[in-house]
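Lifted from TrEMBL, the feature list:
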- 1-24: signal peptide (SIGNAL)
- 33-153: domain 'DOMON' (DOMAIN)
- 162-357: domain 'Cytochrome b561' (DOMAIN)
- 196-218: transmembrane segment (TRANSMEM)
- 239-262: transmembrane segment (TRANSMEM)
- 268-286: transmembrane segment (TRANSMEM)
- 307-327: transmembrane segment (TRANSMEM)
- 333-353: transmembrane segment (TRANSMEM)
Amino acid sequence: MSTSIKKTVWRIVIFLFLFQVVYSDNKYCDKSTKYCFAISLPNTTLPASQQFAEFTLVAPNNVGWLGVGVGDSMLTGYLIVAWPNPDGSVTLSQRNSLNGYHEPTASSNQQDLILDNATVSNSDGNLEIHFRRLVSLKANTIPSKGKFLWALGHHKVDGNNYDASISYHDGGMGVVKMQLTSDDKSTNYWTRYDKLIIAHATIMFIAWLVCVPAAIYIARFARNLLPRSWFHIHWGIQVFLVVPLAIAGGSLSYVAVNGFFFDDPHKIIGLILFIGLFVQLAIGGIHHKLFDPHRNFVPWWTQLHWWFGRALVVLAVFQVPLGLSLYQADIELFYFYYIYIFILLISFSFLSIRKWNISNGVKNGFRKMDDE
């Protein structure tokens with residue numbers, strides 16, 4: 001497949017599932033503090049072990065410390081802090097905000113950051129700090145788009161150790177949306193991580209909120225229309241579409257972050273849904289095995305199959321916004337998703353009322369449909 005075709009395919013996928021908004025490019029400057037930072041992504045055709053994100057921080061040379069990171073706020077984000085030392089050297093420090101309003105905690109993996117020899121105090125009276133790190137690490141990933149943090153402190157840092165205490169960001173701080181570009185302008189804007197996560201989200205959306213509702217609608221509303229085939233279509237969708245898609249989607253998330261880490265609600269619910277899918281299939285098998293066409297009541301295992309399936313769908317409905325928030329998706333995508341769910345609810349309600357009217361012989365409201 002040619003490069004142009006690959007680009008076209010990805011653009012179609014993004015158009016359908018990830019509506020875009022305008023972002024800042026890979027450089028941001030705060031006019032009040034004269035602090036600028038730039039982040040450039042590598043050529044995505046390189047092996048993952050060679051995909052380094054390049055950082056450039058520029059600020060007045062009397063600054064105490066500079067910070068740049070990823071996240072919604074300083075309370076929960078990942079931060080890289082840099083400061084000049086009296087001997088002319090520069091210290092880099094990876095930190096995580098784990099304690100709310102307390103000072104970010106230094107990470108033990110400081111070897112991830114590689115300081116560039118181009119770090120200088122230039123003739124314009126500015127300090128320039130250049131460094132790089134791999135785009136994807138076990139602990140975190142530099143996204144190609146999303147919210148980035150910046151912070152500035154005026155007070156000098158006492159010491160050149162990576163875990164030295166830093167002062168409050170009295171020089172300023174902020175959060176900015178950015179769309180990072182690659183050093184190679186011929187490549188697209190999405191890193192390997194982005195592509196894997198987008199594919200994961202797309203596949204899981206199709207599995208849980210297209211295929212599963214379709215199977216439910218067929219079982220609930222299409223029995224008279226497809227008296228001999230509805231059951232085979234119902235279980236066929238679950239077994240031959242939902243199961244492979246769920247396995248594929250889960251595998252993509254594993255590859256994207258180099259493992260399974262159940263450290264947030266989205267990942268925990270994902271595990272519950274994955275296990276629940278196979279439990280539901282087992283309950284459905286029991287229901288089919290024990291089904292009695294001459295029964296006078298609905299047995300408990302059949303009701304369990306109904307309600308457990310409904311519970312999984314409801315959980316999946318709440319799961320998607322958690323994933324969108326984790327990926328820091330655009331607000332437009334949330335709108336698209338909620339509109340889709342609203343359409344599902346309206347159609348389900350309409351067909352349920354119609355079914356009830358038909359089964360009870362109601363002579364008004366849906367009379368015309370009763371005669372179909």
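A Cβ is built for glycine as well, from the same backbone N, Cα and C atoms used for every other residue.
Those TrEMBL annotations? Automatic predictions, nothing curated.
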Folded-back contacts onto the transmembrane segment (307-327), same chain, C-beta under 8 angstroms, at least six residues removed: 143, 146, 197, 201, 204-205, 208-209, 212-213, 216, 264-266, 269-270, 272-273, 276-277, 279-280, 283, 333-334, 337, 341
Chain residues in Cβ proximity to the transmembrane segment (268-286) (below 8 Å; excluding those fewer than six residues from its ends, i.e. six or more beyond): 208, 235, 238-239, 242-243, 246, 250, 253, 260, 262, 301, 304-305, 308-309, 311-312, 315-316, 318-319, 322
The transmembrane segment (196-218): which same-chain residues, six or more beyond its ends, come within Cβ distance under 8 Å? 13-14, 17-18, 190, 226, 230, 233-235, 237-238, 241-242, 245-246, 248-249, 252-253, 255-256, 273, 309, 312-313, 316-317, 319-320, 323-324, 327, 340-341, 344, 348, 351
Averaged over the domain 'Cytochrome b561' (162-357), the pLDDT of the predicted model comes to 87
